Amino acid sequence: MKKLKLHGFNNLTKSLSFCIYDICYAKTAEERDGYIAYIDELYNANRLTEILSETCSIIGANILNIARQDYEPQGASVTILVSEEPVDPKLIDKTEHPGPLPETVVAHLDKSHICVHTYPESHPEGGLCTFRADIEVSTCGVISPLKALNYLIHQLESDIVTIDYRVRGFTRDINGMKHFIDHEINSIQNFMSDDMKALYDMVDVNVYQENIFHTKMLLKEFDLKHYMFHTKPEDLTDSERQEITAALWKEMREIYYGRNMPAV
């Protein structure tokens, strides 16, 4: 895409939001409580603040304010307000490729924010536990928050990821013509590294004329031992392993497709 000469500030708003899910099987009530306590501590407000602060570093934002809170009985939220950092637009990379892990990228941001909320969840029947984190990176300026996507997904390793990216508003060039997007994008997948693409099955649902892009990701490899909390698969009977595997896989497919499915 040809570089634009703008009249004034770049008024486009670029928002990246995604949900990550971690699935676990806990055999007893004590194990379920233990998993919730473990995942709640792993992604507490302090750790999330570190991750989001590093995200700000990647996209070159100045942190204005940090609001963070751990909740009882579980969950956490962090919101960071960031400000613009002047930069020569000629230095901004607008090509479609994966972002750093991490690597300094200079950005020009204004009226922007980064936030995350966590939602640990379990049910007394079935032994299934889920952890969901909602993350949003919203910027107003010349760089897309997609540059932080690669880093964030690697930091929050998960079984299922749903990603939405949208460009809103318009900016004008020096001739007064409106521009509703200022960079090329065909798929969110083009901003992911090859190792990530190898790990997940992905599907896109894009509405190009509205500048809306959506990608869903489901982990390819399924190893039961990675989904058990304080229970070893070898300590279970064959029928128990099959039953738990079927329950976990059904849970993951329901979350991935966003609908309830009949038992197989």
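Note that Cβ sites are derived from N, Cα and C of the backbone, with glycine treated the same way.
Not measured: the values here are computed from a predicted model.
According to Swiss-Prot, the features are:
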type	residues	note
ACT_SITE	S112	active site, schiff-base intermediate with substrate
MOD_RES	S112	pyruvic acid (Ser)
ACT_SITE	H117	active site, proton acceptor
ACT_SITE	C140	active site, proton donor
Inset, instruction - Could you measure between C140 (active site, proton donor) and S112 (active site, schiff-base intermediate with substrate) for me? Cα positions, answer in whole angstrom. - result: 6
Inset, instruction - Please report the DSSP secondary structure of the residue listed as 'active site, schiff-base intermediate with substrate', reduced to three states. - result: strand
Inset, instruction - State which of the following active-site residues has the fewest other Cβ atoms within 10 Å around its Cβ: H117, C140. - result: H117
Inset, instruction - Count the other Cβ atoms sitting within 10 Å of the Cβ of the residue listed as 'active site, schiff-base intermediate with substrate', across every protein chain shown. - result: 26
